[in-house]
Amino acid sequence: MRTTLTGTASVLDTTLTRLIDDVIENGSSFLADDENLQHYKQHLSHLETASKIALLRECLCVRPPLPLLPEDLLQNVDSILTRVRQHKILTPIFSLSPSRLIKHGDLGATRIHLWRGDITTLTGVTAITNAANSQGLGCFQPTHRCIDNIIHAEAGPRLREECFQRMQARGKELEPGEVLVTEGHALFASSVMHTVGPQLKRGASPTETERRQLAKCYESILEALELLPSDEDGSKSIALCCISTGLFAFPADEAAEIAVSTVTSWLQKHPSTTITDVIFNTFTQSDTEFYSKLLGPSHTKSISPVENTPQGSLSLAREWLSSADAVLVTAGAGLSAAEGLDYHSRDLFKRNFPGCLKFGLTSLYSVFGFNDWPSEEHRWGYFFTHLNMVANWSNTPTYQILIPWLRNFGQDAFVRTSNADGLFLANGWPKEQLSTPQGSYGYLQCLNNCRVDAVVPSAPLVADAMPHIDKATQKLMDPSKIPLCRFCGSKMSICVRAGSWFNQAPYQEGEAQWKAWKSRVLREKKNLVILELGVGMNTPGVLRWPNEDLVMRSDGRVKLIRVGMGPEAMVPWEQEDEGLSTCVQGDIGRAIPLLLE
């Protein structure tokens, strides 16, 4: 069932149609296939809101600054970006606790902070930094997950237009260490400091010249900030990203040392500075660890949700949850990632599976579909290590908040998850109120699926095998510990939906419990709220689309709250306009306390 487009939902489709025509007319080295673009244009009504936002950003990313976009189209984009950002969890600068103070005698002090998060969601900050390229126009490759892309996507096309005008006025490219200052446009920060750091070859050690160039970036940023007016409250602050450490390949640990020492030295040499706050902003866990060693750990003060987040979607979601008769939690990979069990994390894989790096594997996700194991001993060395790691995963603060809250609903709460990690059970949620349609690490199965009962519990086999796994190579050294089907003797694997061989038998009881629970709740006409956590687009037919369908077929008695990172967290705007769905965009680990406590 589809509803009529209203408000910003209609504006989004109209804007996308015009942008697609613009990209086709003006050409693009990246979105060069006109047929694909025409296909998108003809089928916009069938795309999810999340997909439309992603397509909008791609079109704007690849678009050259000339010809200038018409003002009415820019205003449409502004309204779309405004709606998107109303759903974000924000971090006010006043919620940060300083790691250190740089005192200036009787003139006060500059607070130094360390904060990990999305730099575009920091509020109350005068300026943020952008690790730019020498052209100063942003990144034109939408697949690059660089901060240049992120900042331009959030600021909107007016930022590229201003960058172009300022670069034209300069008449030359930016050199390493130079800074270009622009307005923030659709960003929360009033200004952006675009700087170009030194670019190294991957794996190379920086030269003394490159070290000086990186230091110059931070000096130039502080000098440019000094020239800006203070904010209304008298503060003047800058959020500093990790310059040159991504695609520019500057070693992250050395870059952190240069950043901290340069900023500290500059502030000490300028006791009359008007800069009140400097925030070292990190995005990865490894970068955070480097800065923590230099500055001390980061802290965020405990402040009320009203102060900490936008009023719109978060307040509405809290209201729905507080008045719900029943709650269905549907959880995807984003919930596990929020607890540190991130299947895309290179740091996690390198730390826990060093013996598997030589096979070209870089993350837990990269193992999906991997069949080039040298032997079964290597394959099961990995699987047993993986299962043991997950079974002993103890850092689950989100579950520690979520599950006690869910228990308040008694039999009117249910959990349905595509995660196989078993963390709901491990944190005390009853199996009678749990459905895992994609399988579970709790069982191993015959790869031939020779019989319905060709499954075995995994925990005893893991415990028996772990003493025989070489800690360096992570190879299973005792071949007798390799599990084989007790019926046909064939290979076995974890019992998850990874191929046509998947044995669903161990999970049929959970599916029956889910169907019975849903039928009862709907029959009793309870006000049901679906709290969807970290469900993306990898397998939308399992949780995401059924949730939306249930909302549309409920005559207003079922509402959906979608929580997650990035555009995938968006709900259909048509449903949102009807007051049936909303979303909270941000880290689930931060969202759950704000929603439930």
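For all residues, glycine too, the Cβ spot is worked out from N, Cα and C.
Among the candidates Ala259, Ala324, Ala326, Ala333, the residue that Swiss-Prot annotates alongside Ser418, Asn419, Ala420, Asp421, Gln438, Val584 as binding NAD(+) is Ala333. Taking the Cβ of Ala333 (NAD(+) binding site) as reference, residues of its chain lying under 8 Å away and at least six apart in sequence are, in sequence order, Tyr343, Ser418, Asn419, Gly534, Gly536, Asn538.
Taking the C-alpha atom of Asp118 (ADP-D-ribose binding site) as reference, the shortest distance to any of the binding-site residues Cys139, His144, Cys146 belongs to Cys146.
In this structure, of the binding-site residues Asp118, Asp421, the smallest number of CB atoms within 10 A of the CB marks Asp118.
Cβ neighbour count within 10 Å across all protein chains ranks Ile147 highest among the binding-site residues Ile147, Cys450. Comparing the Cα of Gln438 (NAD(+) binding site) with the Cα of every entry in His144, Cys485, Cys488, these being the binding-site residues, the smallest distance points to Cys485. Comment: ADP-D-ribose site residues Asp118, Ile119, Asn133, Cys146, Ile147, Asp148, Ser244, Thr245, Gly246, Phe248; largest CA to CA distance 20 Å, whole number. Looking only at the binding-site residues Ser244, Ser418, Asn419, the densest Cβ neighbourhood within 10 Å occurs at Ser244. Per-site Cβ counts within 10 Å over the binding-site residues Cys146, Ala420, Cys446 peak at Cys446.
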